[in-house]
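Peer 1: Below, the features straight out of TrEMBL:
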DOMAIN    41-301  domain 'G-protein coupled receptors family 1 profile'
TRANSMEM  26-50  transmembrane segment
TRANSMEM  62-90  transmembrane segment
TRANSMEM  102-129  transmembrane segment
TRANSMEM  150-170  transmembrane segment
TRANSMEM  198-226  transmembrane segment
TRANSMEM  246-271  transmembrane segment
Amino acid sequence: MNSSKSPGLAGFGVLRNTTCHTEKKISVFFSIIFMTVGILSNSLAIAILMKAYQRFRQKSKASFLLLASGLVVTDLFGHLINGAIAVFVYASDKDWIRFNQYNILCSVFGICMVFFGLCPLFLGSVMAVERCIGVTKPIFHSTKMTSRHVKMMLTMVCLFAVLIALLPILRFRAYQIQASRTWCFYKTEHVEDWEDRFYLLLFSCLGLLALAISFLCNAVTGITLLRVKFKSQQRQGRSHHFEMIIQLLAIMCVSCICWSPFLVTMARIGINESRSKETCETILFALRMATWNQILDPWVYILLRKAVLKNLYKITRGCCGVPIVNFHMWELSSIKNSLKVAAISESPVSSKQINLQPLSSMG
């Protein structure tokens, strides 16, 4: 019992002397507001995505919608579990000695923080890879990227995130109560042991790698779509692909803005072998920035949908005084048609057929 109690209570001598304090009433109020808004937003996004998945079940968009649904569900449970624990800690006046004698709650809180932090980043990168394959290799995507394979990828991503979150527990390293006494994470104060630095660097490197993969795949996908557009000279077959690319770019931008401060801060603490120079206020601000990612993610799917974008396009053109043109780009839903048009327009057979048409008409 003494050994199990010591990990949770070892840092309380430092915590009492810290200057990082949060106002209880304001913190509880904002925690409840953020949790409620996050739950409602993610629930609305889940309903929209599931309705779209039922409509596109047999099309190439189904795999993207399934991955997006997994991302939003993860954000929903992240708000529900982490938010409930945070509200309980604030409501209990952050008296960890009273309700965390055996470090159980802190361990659960730390595991959830790591899992619900890494899993959305992993899913965002997997979505970018899936869309890159769907645009650059449509035949391979249509034959190999089935719903069963997508569900297997979702399961593997979740299991990998769980493994990373459980790694300190498996190594008998307890999660630490942070200086603000409001959350638990890896050790971020007086980090001198190599294993503590390894956990911080592993978390930050995996998160930054996921962002880099998303950026690279989205860049390749966007360039491929633009090349197909200019080659085919047709406004066909790009509706849902451009819609998904816009959503992916928005997710990537939101993730980079929200998560980069926290990931970079954890990396700096892990690299610095001596006493960390990062203040409690800096870490807490970076954490709150990361929390906004789970609130903004569902609004990407709520606002950046084809119907909403089409209405915004009409409103913008109407405000600018430009006549509205009914583009066909919102009509079709497969990149294969664009690729087929581009291939036919470049083939010599098609040019011969085009040259023979005037002769046949003259004859």
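Positions of Cβ are set from backbone N, Cα and C atoms, glycine also.
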Peer 1: Looking only at residues six or more beyond either end of the transmembrane segment (198-226), which have a C-beta under 8 A from one in the stretch?
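Peer 2: Residues 114, 117-118, 121-122, 124-125, 127-129, 131-132, 135-136, 164, 167-168, 173, 186-188, 191, 238, 241-242, 245, 248-249, 251-252, 255-256, 259-260, 263-264, 266-267, 269-271, 335.
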Peer 1: For the transmembrane segment (26-50), I need the partner stretch with the highest count of C-beta pairs below 8 angstroms, choosing only from 62-90, 102-129, 246-271.
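Peer 2: Highest pair count goes to 62-90.
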Peer 1: Return the average pLDDT for the domain 'G-protein coupled receptors family 1 profile' (41-301) as a whole number.
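Peer 2: Per the prediction, mean pLDDT sits at 85 for the domain 'G-protein coupled receptors family 1 profile' (41-301).
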